[in-house]
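Enquirer: Below you'll find the structure I mean.
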Amino acid sequence: MSIINSILKAFVGDKSQKDVKSIRPIVDKINQYYSSFENLTNDELRDKTISFQEKIKQARFGQDSKIASYREELEKTTDIDKRETIYASIDTLEKEAYTLSEKALFDILPEAFAVVKETARRFTNNNELVVTATEQDKLFAQSKGHVRIEGDKAIWSNTWEVAGKMIPWNMVHYDVQMIGGSVIHQGKIAEMQTGEGKTLVSTSPIYLNALAGNGVHVVTVNDYLAKRDCQWNAPLFEFHGLTVDCIDNHQPNSPGRREAYQASITYGTNNEFGFDYLRDNMAHTPEELVQRKHNFAIVDEVDSVLVDDARTPLIISGPVPMGDRHEFLELKPKVDSLVAQQRQLSNGFLTEAKRLIKAGDTKQGGFNLLRSYRAFPKNKALIKFLSEEGVKQILQKTENHFMQDNNREMKKVDEGLLFVINEKNNQVELTDNGIKALSQGMDDSFFILPDIGTEISKIEKMNISAEEMSEQKEILFQDFGIKSERIHTLTQLLKAYALFEKDSEYVVVDNKVMIVDEQTGRIMDGRRYSDGLHQAIEAKENVKIEAATQTFATVTLQNYFRMYSKLAGMTGTAITEAGELWEIYKLDVVEIPTNRQMAREDREDKIYRSIREKFNAVIDDVVELSEAGRPVLIGTTSVENSELLSRMLKMRGIKHNVLNAKLHKQEAQIVEEAGNPGVVTIATNMAGRGTDIKLTAEVKDAGGLAIIGTERHDSRRVDRQLRGRAGRQGDVGSSQFYVSLEDNLMRLFGSERVAKIMDGMGLKEGEVIQHSWMTKSIERAQKRVEENNFGVRKRLLEYDDVMNAQREVVYKRRRHALHGDRLKVDIANMMFDLCDYLVEGNKIGNDFKNFEYDLIKIFGMESPVTVDEFNKLSDAELTDKLYEVAYKKYVAKCDESAVEAFKVIKNVHENGGYERMVVPFTDGIKTINVVTDLNKAFETEGKTLINDFEKNIVLSIVDEAWKKHLRKMDELKQSVQLAVHEQKDPLLVYKFEAFNLFKDTMQSINKDVISFLMKGDLPKQEQQEQSNEPEIRTNGSFTI
């Protein structure tokens, strides 16, 4: 494939080079404007922003005028069909206006970019910039130390506080940074090497897009970077009258966070943007909302956010009814014992395999070796044996033989085990022997699910009464529920023991299990594994088991970011994931050339047989490099390895710093010292650290920063990020990876070729291979892992796409209810759908009696048709007639309720002293309190109270139904996995079942909403008069 690509590049040219070439003329225009701006005064330079904003306003003026006139029309009409047509026209015009804005932005791009560059130059060359003070300048002077007012002048200093330090602005954009900025504005990903100034690159497209006034979100991977970049760049934008804020400076749902989203430019972390979206869709008043429309997002470290974090959905959860009931502690001793027995079995099979292979019986020896491998692939003795000459090949040959014909023969291997670990797919499966071992001393069917179909058939054949039959079925369903929950708990415990290692996938801090991000090595605070897995790990580690939770709102980062009208990003490493970024987000990756020639030396991998040999070699080389006066950065893939290397360095008397998930608080200080002569730093996955390691002249003379990778990561990207820490802006440096056949990547995906070459060369202990062939072989293994991971992420997205389509429908309905403007149309549509549903359901069986009963139960009205009309009219005619009568009845009821309520409203208003009024509405079964603005209710003669009544009912019923629906969807996702055993695709089954579930949920929402609206009423006057309860003042509210 690479040969074909090379030939194509030779004839057709490289795609990124073409992209960059097409932007060069734009950069020339930017530089022409930049040269002409030198003679402008500071005030004239600032006036450019106002003229840009006016141009954008003019470009969309026609559409905005039409939208305004349509909104006036909406105020005058109550006709539902007409309102629906107007809303559709407004939506079309808003899309047209957006397109015209984008065109205007593209037209002013060269001049706007030049304004940012000229501003950066003036701050770099002058200690202070003096301008005529505006109202905005006066506001900034009150809160920002670098702006002061003297007379009618505002004086802007070029030094301001960034992350607790006073830093002078000293950066002016290079041409390559302008290319990067243009790529970002086009809604693409700019891949730029470490140290090329990505933070500065973003300033031009941020400024340009903020001019449109619809908000620009700058997304980073952690709150330190969000706050730092906000403080660093803000004065550049604020100088031109734009506002800048960071959501991570404010608490969720606070007025401060609301204001942060109203700023022209908003910085924040990916998770907080996502969680704010979910919280907004749980709000009960428009005042609680914090976010605006999702206009434009620039994602820093875009590969980390859109690829690595994409597998973990954002979830807001709450307690489950009976959420404390779990069997983790009861089942833990059994699983503990099972794992210990399996470990013994694994060691026994391994001992036997060694004996047979030594005796020359590779067939039976390979069989025992495979059994040991499937019992415990991470068994250290097994890993060591596999690194010996020819052993890995025996295992692979045996595994290939038993995997033939869709694993048909594999059961012969597995029947000697208690459970089987599939490390590649992250799965554990109990065998029949395992179930027997677990069931010892109790009922044989303790862990076996009953066959519902067969058991129901047996009950129905029994000679018992209908009541007893119903009772027997209830007992059966209860038994099924308890056992399925038990089996799920057991599976999660097994996973916790077999697949999750302490100090690798998670750490225990202050008696709490904390997840470690496999890409960055950071603790993912507040995140928990779902589906009971986190509780299983808590049981394993003997810490407090938190109560089970249920999902209240959820979204994947993939689907959150796909909501933006325009999405762009920047990173040092995205080209390896270009296919995935295009397929899922339609984001193109463009490699931006470096400002200076790269001088880092990337050496071929050193490959050893065992981990011990590899680590000894690493320590020897670290000592040599450190003594030569070069700073050394050692990259590890787990907390455990970082601690092991730290102990080995201590034994050799080498001073060093450790940066991992347990010690992340000293991060900034450790990274700052990492470029000093002879300093050794051990870091777990340097990805997303976002801080450059700056070198002194002394270090550059010694050869620059030395990067040592102690293991190849599953992803080539993380390796490139580690390499990229050296060689910034043309600095000297080197990078070297050390690999052993016992490493996870080599164990799971390493090709037979590497093992064969090492065997063929007859390497002695401690000897090393270093060749480009070997490095390419390792990269091929990494590609296989990346493809595997992409498959997992794509599958997750396919599942979430089903949920996303449903989420959009529900959240749209919720949004309309919250704002109230389109709610009348929604209620009319819900009523029509419900009429259609009732007609269809009753017409099938020609059941007029049931039809009459449904109308009384739901609408509280008699049938508008006779039995003859019911039989004669078509479904469509009957639906139309029913809808017409029901809707008229509803409108009349609302008018009547408004008149009735106005009597009370008038009375309370005249007594004075109240701002709001709490009015209870009841349908005879349920009561919902509606809060309304007393002044508005008085001015509209009770009409706003009815609007608030509609809002409250829809929000209350939609929220309750959506929570229940999410719980059912969680259960469905679990249960469809069993479809594999029936030779069915779980995803197809999930899509089909999810559609039916959602249809039922929407019908239930329609029925509950319309029923309450039709039957819900104010308390009767007599009841109020009889009540001796006093009026209640609560924060200026009057409660009836």
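Cβ coordinates come from backbone N, Cα and C, glycine included.
Heads up, here are the entries from TrEMBL:
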BINDING   Q177, G195, E196, G197, K198, T199, D692  ATP binding site
COMPBIAS  1024-1040  compositional bias 'Polar residues'
DOMAIN    5-770  domain 'SecA family profile'
DOMAIN    179-338  domain 'Helicase ATP-binding'
DOMAIN    617-786  domain 'Helicase C-terminal'
REGION    1020-1040  region 'Disordered'
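For each listed feature, how buried is it and what is near it?
Expert: All protein chains shown were included, and the count of other CB atoms within 10 Å of the CB of Q177 (ATP binding site) stands at 27. Secondary structure at Q177 (ATP binding site), taken from DSSP and collapsed to helix, strand or coil, is helix.
Mean pLDDT, taken over the domain 'SecA family profile' (5-770), works out to 84 on the 0 to 100 scale.
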Enquirer: Under 8 Å Cβ to Cβ from G197 (ATP binding site), same chain, six or more residues apart: give me those in sequence order, or none if nothing qualifies.
Expert: M171, Y174, Q177
Enquirer: List the residues of the same chain that sit at least 6 positions away from E196 (ATP binding site) in sequence and have their Cβ under 8 Å from its Cβ, in sequence order, or write 'none'.
Expert: V176, Q177, G180, I592, T594, N595, R728, Q729
Enquirer: For T199 (ATP binding site), just give me the three-state DSSP call.
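Expert: In the DSSP reduction, T199 (ATP binding site) maps to helix.
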Enquirer: Taking K198, T199 as the binding-site residues to compare, which has the smallest set of other Cβ atoms within 10 Å?
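Expert: It is T199 that, of the binding-site residues K198, T199, has the fewest other Cβ atoms within 10 Å.
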